[in-house]
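Here is what TrEMBL records for this protein:
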- 37-314: domain 'Pyruvate carboxyltransferase' (DOMAIN)
- D46, H253, H255, N289: Mg(2+) binding site (BINDING)
- 456-573: region 'Regulatory domain' (REGION)
Amino acid sequence: MANRQQPSSMPIHKYGRYEQVDIPDRTWPDNRITVAPRWLSTDLRDGNQALIDPMSPARKRAMFDLLVKMGYKEIEVGFPASGQTDYDFVRSIIEEPGAIPEDVTISVLTQAREDLIERTVESLRGAHRATVHLYNATAPVFRRVVFRGSKDDIKQIAVDGTRLVMEYAEKLLGEETHFGYQYSPEIFTDTELDFALEVCEGVMDVWQPGPDREIILNLPATVERSTPSTHADRFEWMGRHLSRREFVCLSVHPHNDRGTAVAAAELALMAGADRVEGCLFGQGERTGNVDLVTLGMNLFSQGVDPQIDFSDIDEIRRTWEYCNQMEVHPRHPYVGDLVYTSFSGSHQDAIKKGFDAMEADAKAKGVTVDDIEWAVPYLPIDPKDVGRSYEAVIRVNSQSGKGGIAYVLKNDHKLDLPRRMQIEFSRIIQAKTDAEGGEVTPKDIWAIFEDEYLPNPDNPWGRIQVKNGQSTTDRDGIDTLTVEATVDGEDTVLTGTGNGPISAFFDALQSIGIDVRLLDYQEHTMSEGASAQAASYIECAIDDKVLWGIGIDANTTRASLKAVVSAVNRAAR
Ligand SMILES: CC(=O)SCCNC(=O)CCNC(=O)[C@H](O)C(C)(C)COP(=O)(O)OP(=O)(O)OC[C@H]1O[C@@H](n2cnc3c(N)ncnc32)[C@H](O)[C@@H]1OP(=O)(O)O
Ligand SMILES: CC(C)C(=O)C(=O)O
């Protein structure tokens, strides 16, 4: 196959290849995610530490309450030794009765330095469920550049740090605190696997995990540098080699430097991870932490309960935007303004047909559309499930076709245009978008439709305005129609006969020199009940023109006569 790409002048010599894992009998590709993992939100820690303007106490509290309301049971609430703001926030939620629900565990991060550990553990006094999360970098470049130490020195930092956490917890925390421990070898993904394992084992030897005493080993892709598949290989390798595996909660903490954090988290779960750390909408250092909303909604869209409530996604977004003082991108999966919207014709056509088919399938089964499997093309989930309406599903511009325009008329005005009329009207809209560019809103579409097809009582246009009509049918089924109308500004009475009101009206129109031939006729009710309106569509040949008219009325005969008038007036317009 020909590839005409040419070498670029980019300085590729500056970058090394990421090392693969030797694990030919990997099993993760065959696994599926069938249940939600444990989630930890680090919005208040990793998310917060990446903000230009870190959250104020009020913004932190709003974020905490949102996370609790959504259903997160593990929440990293800060880095209390970083300063007074984080410390005070942790104290405030512990001290306020009921602020932290019984089943929610708060977690706090610290470096492996004694003074910081003491202050960190102290911040948790009185908490019901709390975890101290200790980290130190283990990756080669950090050993050399940051700590300037050997592997043994670096392992010792982790081991000593763990011992100090236990000592201070023993000293400062009472019986009321169900105390947990988490350790992270920083940039796990750049650390030699056997060394990462050795450090984790050293930490476990101190903590002594066992029944009712789990340890969380969190393996961060602090900077994402490999493909998600290699990331998964590393998780499978660790899962196979860790001792005391049944007491280890293996946690994944991807960042999004390559833009594949979501995939990295999902593949790590397939490779045995039990828990995911991330932030809402992918907030976090640089390109962000993995996006917990996308991960949760990906599960939902596969029929797996994320155990998190995303049903009011716009409220979640509003709170998030207030807390972070940032905006969610319009293309952000599941929440962006444009993610349930199609502009292009073929997408809109398929969406409209999809909605119609859903309705028909549900009707055939005698259930509602909410009871059958979602199958609308181009919409991975039903926008209604996250609190969105169908209003924005189709938006019309120069890339749109008849299906989209017909969808708007059906959805907003209950008008189910016949196919050839859709084509006719979409040409009218197309002429506008070609001439003016930009979007044509549903309001614009309706205004154009009304102007094109319906009488305007304030400013009547066209040769004929019908005021009243009466029809009688004789024993042979012949209709006689009498119509009071204004024709070219003159009040007049038109009479005609035919084998139905429409043909009688055509006959009446012959008397004023208008020759109309019926090509197609369709009608439908627009709503249920006594005050139901009907819409009639008529396609006729008038002189050398073929065009459609529409009539809307509570009475179907009147609706059909109005449709004829609509077509006749359009022909002369
Ligand atoms: C990957 C991550 O996201 S990790 C979390 C990072 N988050 C944050 O750093 C936010 C909060 N941090 C802070 O407020 C501050 O860094 C503090 C208060 C914790 C510490 O501040 P300072 O004492 O001024 O130290 P500073 O931030 O410069 O840290 C560098 C020192 O800590 C050491 N260090 C860095 N990480 C660790 C660690 N995990 N364990 C032990 N020591 C560490 C470095 O080697 C360096 O030591 P040196 O001064 O002897 O060279
Ligand atoms: C502290 C650790 C888990 C971290 O935030 C990272 O490595 O990204």
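Positions of Cβ are set from backbone N, Cα and C atoms, glycine also.
Just so you know, TrEMBL annotations are computer predictions that nobody has curated.
Most Cβ neighbours within 10 Å among the binding-site residues H253, H255: this distinction goes to H253. In this structure, H253 (Mg(2+) binding site) is part of a beta strand by DSSP. In sequence order, T42, P220, A221, T222, P254, A261, E277, G278, C279, G284, E285, G288, V290 are the same-chain residues whose CB sits within 8 A of the CB centroid of D46, H253, H255, N289, the residues recorded for Mg(2+) being left out. With a cut-off of under 6 Å between the Cβ and any atom of ligand 1, the binding-site residues H253, H255, N289 reduce to an empty set.
Between the binding-site residues D46, N289, N289 has the most other Cβ atoms inside 10 Å of its own Cβ, all protein chains included. Mapped onto three states, the DSSP output places D46 (Mg(2+) binding site) in helix.
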